[in-house]
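Enquirer: Quick one: structure below, then a few questions.
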Amino acid sequence: MRRGWKMALSAGLRGCRRVLSWVPVLVIVLVVLWSYYAYVFELCLVTVLSRAEKVIYLIFYHAIFVFFTWTYWKSIFTLPLQPNQKFHLSYTDKERYENEERPDVQKQILVDIAKKLPVYTRTGSGAVRFCDQCHLIKPDRCHHCSVCAMCVLKMDHHCPWVNNCIGFSNYKFFLQFLGYSVLYCLYIATTVFSYFIKYWRGELPSVRSKFHVLFLLFVACMFFVSLVILFGYHCWLVSRNKTTLEAFCTPVFISGPKKNGFNLGFIKNIQQVFGDNKKFWLIPIGSSPGDGHSFPMRCMNESQNPLLANEEHWEDNDYDNPDYPEGSSSLAVETET
C-alpha cells in the first residue's frame, strides 16, 4: 500500500514538473502575442497616420513575424534524436553486463562492443563513453540530458525557453529562431523609435496607444540586447563547429584532447549545420548533413572518416583501423551522465 502511494506521488510530481516546464514557453508566447497586438493595432492602425507607411510597416513586419514564429515552433516541437539501436547493448550483452560482478570484466565487455562502432571520442580520462541509464555506447558528440532523461545526438544544451533539448535534429532551427528574434526586435525598435520620441515630446495625444508604443520599444530593446549576445555566441560556436558542451569541456579523442577536433574550416563548419544547399539556409527545413551519429573530424583523412565510411567498414576492419592500436582493448570504460 505504501509503495503504491509512493508511486502515485512520484507520478504526480513528474506530471507537475512537465506542466511547469511549459511556463517559460507560455511567457514567451504571451509576450509575442502582446507585441503583435501593440505593433499591428496600437502602432500601425491607430498611431501611424500615413496609409503608405502603414502598408510598408505591416508587410515587412508580417514577413519577419512568420519566420520568427515558424522557427520558434520548429525549435519547440522538433524532437531530439536518440542513438539508433546498434549503439544500445543487445539483450544478451546487457544481461551479461548486469550479471557480471567483476568491474574489470564489465569494462572489457563494453570495450569489445565499442570496437565494432564508429566512436572516436572518449571521457576526460580516456575511457569509452557509456551511458548507464540508457545502456548504450555514446556516439561522438552525444550526451545524456537529465531533463529529457535520454541520450541526445550532438547535444548542445537543454533550453527551458523552448522546453526542448537542442541537438542535431533542431540546432539549425534554434539558431534560426535566435536570428529571426534579433531581426524581429530590431525591426520593432527602429520603426517604433520615431513615434516613441513624438509621444515623449507630447507631439501626439496621450491616448491608450502611448503606453503600448513606449513599452514596446523598451521590451524590444531589452530582448534585443540579450538575444544578440546569445545569437553572436552561437554563431561563434558554428564557425568553430563546436557545441556549447564542447566549448566548456574540450572533446577527448582516442589520441587525446583536441579543442578543434571537429573544426573543418569556416565554410564547411557552417555546412555542418545548414547543409550544402544555400537556398535552405534561411528556411526552417532540415538540411544538416549526416545522421547525427558520426561526424567528419579534422584529424582524420577520408579513409578513416566515420561519416564517409559505411557500416561494413566498421564491422569488417575494426582491427585494421590505425586509431585502434594494439592494446586498445585495455582502455578503461567509465559511465558518464
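Keep in mind that glycine also has a Cβ here, set from the backbone N, Cα and C atoms.
Caution: TrEMBL annotation is automatic and unverified by curators.
Found this in TrEMBL, in case it helps:
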TRANSMEM  20-39  transmembrane segment
TRANSMEM  55-73  transmembrane segment
DOMAIN    129-247  domain 'Palmitoyltransferase DHHC'
TRANSMEM  177-199  transmembrane segment
TRANSMEM  211-233  transmembrane segment
REGION    311-337  region 'Disordered'
COMPBIAS  313-323  compositional bias 'Acidic residues'
COMPBIAS  327-337  compositional bias 'Polar residues'
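Walk me through the surroundings of each of these features.
Expert: Residues 61, 65, 68-69, 72, 76, 147, 160-163, 188, 192, 212-213, 215-216, 219-220 of the same chain lie 6+ residues outside the transmembrane segment (20-39) yet bring a C-beta within less than 8 angstroms of a C-beta in it.
Distant neighbours of the transmembrane segment (55-73): 28, 32, 36, 39-40, 43-44, 48, 162, 173-174, 176-177, 180-181, 183-184, 187-188, 191, 282, 284; these residues of the same chain sit at least 6 beyond its ends, with a Cβ under 8 Å from one of its Cβ atoms.
Across the domain 'Palmitoyltransferase DHHC' (129-247), DSSP classifies residues as 68 helix, 17 strand, 34 coil.
Long-range contacts of the transmembrane segment (177-199) within the same chain: residues 35, 39, 43, 47-48, 57, 60-61, 64-65, 67-68, 71-72, 74-75, 162, 206, 210, 213-214, 216-217, 220-221, 223-224, 227-228, 230-231, 234, each at least 6 residues beyond the stretch ends and with a Cβ under 8 Å from a Cβ of the stretch.
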